[in-house]
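As given in TrEMBL:
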TRANSMEM  38-59  transmembrane segment
TRANSMEM  65-86  transmembrane segment
TRANSMEM  93-110  transmembrane segment
TRANSMEM  116-134  transmembrane segment
TRANSMEM  141-159  transmembrane segment
TRANSMEM  171-190  transmembrane segment
TRANSMEM  197-214  transmembrane segment
TRANSMEM  226-244  transmembrane segment
TRANSMEM  256-275  transmembrane segment
TRANSMEM  281-297  transmembrane segment
TRANSMEM  302-319  transmembrane segment
TRANSMEM  361-379  transmembrane segment
Amino acid sequence: MAEYGLLPIQMRLLLSAVAGIALIVFGHAKAREEEHRMFGFAAQGGGFGILYLIVYFMLARYQLIGHAPAFGLFAALGVVCISLAAAQNAASLAVLGISGAFLAPVMAAGDEGNHVALFSYFALLNTFILWVNWSKAWRSLNFAGVAFTFVIGLEWASLSYRPEFYGTTQFFLLLFFMMYTLVPTAYALLKAPGTQGWLEGAVLYGVPLVTAALQRRLLDGNDIALAWWSLGASVYYLGLWWLVRRREDDRLMVMENSYLGMALVFLTLAVPLAFDVQLTVALWALEGAAALWLGVAQDRWLLRLGGAALQVYAGFYLLAHGHRSSMDLPVLNASYISALLIAATGLMSAKQLRKLMLTPYATLMLIWGLLWWMGASWNEIDWGVGEPHKHAAWLLLCVATGFAAEGWGKHEGWIQLRLAALIQDA
């Protein structure tokens, strides 16, 4: 009848809406029966899908309603769908509802968008997600909220952002960032039933990394501002890590490790934005040594690996980007001091690894530290000592290093270090 125009458009849409609502009611009834539970959820999802399509056709194809009413209907359908899902403990239905709610402004978009209204609406939706997940451990709903918020936000930033939007955009970016970092931490501290729903790597790592990418877009060209932001993020995550660690709950280990990891990542990113090569290398070497020490103290292999890797990266970074000036003083210059710090942190890291009986890894860090000590000192001799005295200076370096290594190795009972002393003096 519809193709011959026997029913007006409004009647066709009304009958379709009745069918969609009937399908939702039918599915809700079926979901109460254990053997038909999944079928009931699928039927409800189909009913809401029909209603979403009806609103879309009313707006886009038939122009029966404007953008504002369509937006309101899309949002209302999403909220009703999530509410039904929460009542029935149906995560898949909740994801369908929140997807429709987030896509509402996209599907109902007019020629001109108001970013303040858009992000205010997203803030309300995310608040609703946080409220629902106080008692529900729905990782899929959390992920959907994060994904839609930041994907649509990234799209808006790439197409519509202008410098005059900086203040409001920064406010909403920090708001969403804290919603998905501070609130889950509060859940963990208060032992909310839905805490386990936040222990998802895509959320724990995705939120700070996407936020950092957006900050790069907002602060483009202002390295000092980016450095301060990265430092602030590092301190913030260190605070979250400390709060979670105080709970001493093994179930929160994923959250604890991710917070500490992000604190180290942001600190690492802040350094080269604010300092020159030599100071950057020095700070990275110290940071790597601190991370490795913490990994030894807490017996966490990932921290130990990250700390060692950062020290190695600092060394190669200095080799690639370091330079000296003809005005540098012998020994008391930034390049040599940075190299000595790499050597010292490598040797201290080797000593720490011996505490856990990790002999092969301790030996590797020992070799790394000694190579930097000898290589940097030889380079300093070659650069700062006159030709007639270079051989004597090199011999003195080898003898002094051998005596020091033998003494330290004997005191610590460190066989590998004493072998290094023998090789050095050979």
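Cβ from N, Cα, C; glycine included.
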Checklist outcome for this item: Same-chain residues at least 6 beyond the ends of the transmembrane segment (256-275) with a Cβ under 8 Å from one of its Cβ atoms are 201, 204-205, 208, 212, 223-224, 226-228, 230-231, 233-235, 237-238, 240-241, 244-245, 283-284, 287, 291, 294, 300, 302-303, 306, 310
Next on the checklist: Is the transmembrane segment (281-297) in contact with the transmembrane segment (226-244), using at least 3 Cβ pairs under 8 Å (sequence separation of 6 or more) as the test?
Outcome noted: no
Checklist entry - Taking the transmembrane segment (171-190) as reference, which of 38-59, 93-110, 141-159, 281-297 has the most Cβ pairs under 8 angstroms? => result 141-159
Checklist outcome for this item: Long-range Cβ contacts under 8 Å made by the transmembrane segment (93-110), restricted to residues 6 or more beyond its ends, are 41, 44-45, 48-49, 52, 56, 59-60, 67-68, 70-71, 74-75, 77-86, 118, 121-122, 125, 129, 132, 136, 138, 140-141, 144-145, 148-149, 152
